[in-house]
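Annotated features in TrEMBL:
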- 10-422: domain 'Major facilitator superfamily (MFS) profile' (DOMAIN)
- 12-32: transmembrane segment (TRANSMEM)
- 38-61: transmembrane segment (TRANSMEM)
- 82-100: transmembrane segment (TRANSMEM)
- 106-132: transmembrane segment (TRANSMEM)
- 144-167: transmembrane segment (TRANSMEM)
- 173-193: transmembrane segment (TRANSMEM)
- 238-257: transmembrane segment (TRANSMEM)
- 269-288: transmembrane segment (TRANSMEM)
- 308-331: transmembrane segment (TRANSMEM)
- 337-355: transmembrane segment (TRANSMEM)
- 367-388: transmembrane segment (TRANSMEM)
- 394-419: transmembrane segment (TRANSMEM)
Amino acid sequence: MADVKGNKRIGLLSATIAFFAGFAAVALYGITVHKLAFVLHLSVMEVGWLVAIPLVTGAFLRIPFSALVDTWGGKRVISLQLFISIIGVAGIILTLQNIASLSSSLAYKLLLSFGALAGTGISIFSSGTTYVSYWYPKREQGTALGIFAGIGNTAPGIFTAIIPYALITLGLIGAYLGWWLFLIVVTIIFLFVSSDNYYQQLLKKGYSDTEARRISQEFEQEIFPTSAKETLKNAARLWQVWLLVVLYFISFGGFEALTEWLPTYWTEFIGVTITEAGILTGIVYSLLTALFRVPGGFWSDRYGGEKIAIISYGILTFGSLIMIFSRYLILSTIGEVVMAIGMGIANAAVFKLLPKYAKNAVGGASGLVGGLGSAGGLFIPPALAYFVTIFGKIGFTLGFIIYTIFGIISIGFSTFLFYKYGKYKHEISLELKKEIEKAR
């Protein structure tokens, strides 16, 4: 028997803690931005760009890092992503420590730059998905990748809730220092416990491709690294994939955007404390969105992705209307809960539709939808800030019209897909279902 390291459980555990640590960067500036805005005299627009910047790298680096796993191996790629995140957070700490000696303009540019580096950790979603998929046989991938994505997606909510308490006890720099140390500890753990999949280990030991595949199959490895170039090309040619990009832009990209923006909304418009804003954003909104993705997948399997998409985007749109007309804490809380439910279910519905419309390009379609769709986290926060700049305080509510408009568009697209495809049952092979679970 060949001398190989690791096993599927360790592979799942190591990837999950790495994704959890990296994905926390979604909340990088959301809670602390009001302090930074005060010190640097930032405009609302500048605040919007600051909270969005980690999501830029987190969205657009998903595809290249996922592809690199096939050539470099998951251990090296994910370690690199964590290292870049560590450098980013370290840069933020150094900038904050020397902020008194820096001009507001320079400090802001440094925070943007280091925030972009720290946001690299968000892209571990795609590389981690690829990494985990090589460890598990197809019959177990749904469960494995569900654990990976489910636990990782809770990070922004948990960190958004914890940071206010860290600010009180440790201060602004201390809070980021604690975050930095957490990243270092996770990186060290990942380096020590993770291993590349059996196939890539054997290739590095000098085994031929045929021998490496044969031995790996004895360890139940069923999926092997391949080039993503063709699957990306095929996916890009499908117009249905681009409709799904729009749907995911507002459901998942919009989720990331609100995770960053809601703390500002709660403190500046509703007038709650930063601790209360952390709970309302992290626990009530972010965690609820992540949790509703689970039943959303079940309902999409049972009733069809198009039908569930119509309903979920309708719920999202209704929640946005509540936020537009709300001026009070209770009503706004109800509004964000309704939006969270709609977004969580919609995220699952979108990925349910992928194998149906991209049967021969599931991986490429997942990369495009996941990467470009999450760009909503980049563009929506500055747009929300623009409403406040133009209309003043009432702009905090009017900005939610963005979600209303995209929600209505998404309902229209989902309805079109339902009448074109959803009325008819399309049998999807078990193998294809497992492939889409890998993309979640």
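The backbone N, Cα and C atoms fix where each Cβ goes, and this holds for glycine too.
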_Among the ranges 82-100, 144-167, 337-355, 367-388, the one whose Cβ pairs under 8 Å to the transmembrane segment (238-257) are most numerous_ = 367-388
*Quick one: do the transmembrane segment (308-331) and the transmembrane segment (394-419) have at least 3 Cβ pairs under 8 Å, skipping pairs fewer than 6 apart in sequence?*
yes
*Distal contacts, the transmembrane segment (144-167) - CB-CB under 8 A, six or more residues away*: 8, 12, 15-16, 19-21, 23-24, 26-27, 30-32, 35, 124-125, 128-129, 132-133, 135-136, 174-175, 178-179, 256, 259, 263, 273-275, 277-279, 281-283, 285-287, 290, 293-294, 437-438, 440
*Are the transmembrane segment (367-388) and the transmembrane segment (82-100) near each other by the rule of at least 3 C-beta pairs under 8 angstroms (pairs 6 or more apart)?*
no
*Between the transmembrane segment (12-32) and the transmembrane segment (106-132), are there three or more C-beta pairs closer than 8 Å, counting only pairs 6 or more apart along the chain?*
yes
*asked:* Within the same chain, where does the transmembrane segment (394-419) have neighbours whose Cβ lies under 8 angstroms from its own Cβ atoms, ignoring anything closer than 6 residues to its ends? I mean 6 or more beyond.
replied: 240, 243, 246-247, 249-251, 254, 265, 268-269, 304, 306-307, 309-310, 313-314, 316-317, 319-321, 323-327, 339, 342, 346, 353, 380, 383-388
*Examine the transmembrane segment (367-388) against the transmembrane segment (38-61) and state whether at least 3 Cβ pairs sit under 8 A, considering only residue pairs 6 or more apart.*
yes
*Remote residues contacting the transmembrane segment (173-193) - C-beta distance under 8 A, at least 6 residues beyond either end*: 10, 13-14, 17-18, 20-21, 24, 32, 75, 78-79, 82-83, 85-86, 89-90, 92-93, 96-97, 121, 159, 163, 166-167
